[in-house]
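Feature list (source: Swiss-Prot):
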BINDING   Thr65, Asp85, Asp109, Ala110  S-adenosyl-L-methionine binding site
Amino acid sequence: MSTTVLPPPDKKAEYVERMFSRIAPGYDTMNGIITLGLDREWRATTVALAAPPSCGRALDIGTGTGDFLVELTAWMPDGLAVGVDFTVPMMRAGLPKIRDRRAVFVAGDALKLPFADESFDAITTGFTLRNVTDIAAAFREMWRVARVGATVACLEVARPRHPLLRAGHWFYFQRIVPLMARALGADPEAYTYLPQSARIFPPPEELAQIMRAAGWSDVTYRLVGLGAAAIHTGIKRG
């Protein structure tokens, strides 16, 4: 059994910010390797479900190096995609991606977004919520800055339902991923934290209930990657 690296709740935000600052230079490469390249397809599906209007404004929360901004700007040739994150080195690493695109990075906290009420026509977030200290508060903030009729689409980790797939998923993320990180010269603690944080993340139906309690309507989800991830959507009704 591997030793836990999960921080106590009152230290989590600081821990996460420092961790992502350390791994920012190699984050995209490792993310692609860990997900076997499927993360690109999952992001494209998430943005399609959010369906941002071509001339509207979309927000990506926990944007990291801006992969979602690339997808959003493809949908919004006359709009603006805004990515918010509290880890500045991650956004700095992503600046080349958004050059010549209608997109901007903004430093900010998912639990206290630096935007006015009803500012955005669509909201996306990917692999972010397991790193926040209060998932319900994050969804309430998303609801606050969303315009009436806006869709939120959330890509997050899940655990396969089939026992064999579930066992294989556990072994891969708990054992293989940290070894891969060491072999590739990546931060071993960070790539131990990531699977450990995924393991305690709420399952899809529980996450859907959290979204509903935060005010989102018509909440649903679909599993992708043989159940290794889930995409939740909700709509802000008037």
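Just so you know, glycine gets a Cβ as well, placed from its N, Cα and C.
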Quick check on the binding-site residues Asp85, Asp109: which one has the highest count of other Cβ atoms within 10 Å of its Cβ?
Asp85
For Ala110 (S-adenosyl-L-methionine binding site), the number of other Cβ atoms found within 10 Å of its own Cβ:
24
Thr65 (S-adenosyl-L-methionine binding site) CB neighbourhood, other CB atoms within 10 A:
27
Looking only at DSSP and grouping its letters into three states, which state does Thr65 (S-adenosyl-L-methionine binding site) belong to?
coil
Determine the C-alpha span of the S-adenosyl-L-methionine site listed in the record, that is the greatest distance between any two of Thr65, Asp85, Asp109, Ala110, in Å to the nearest whole number.
16
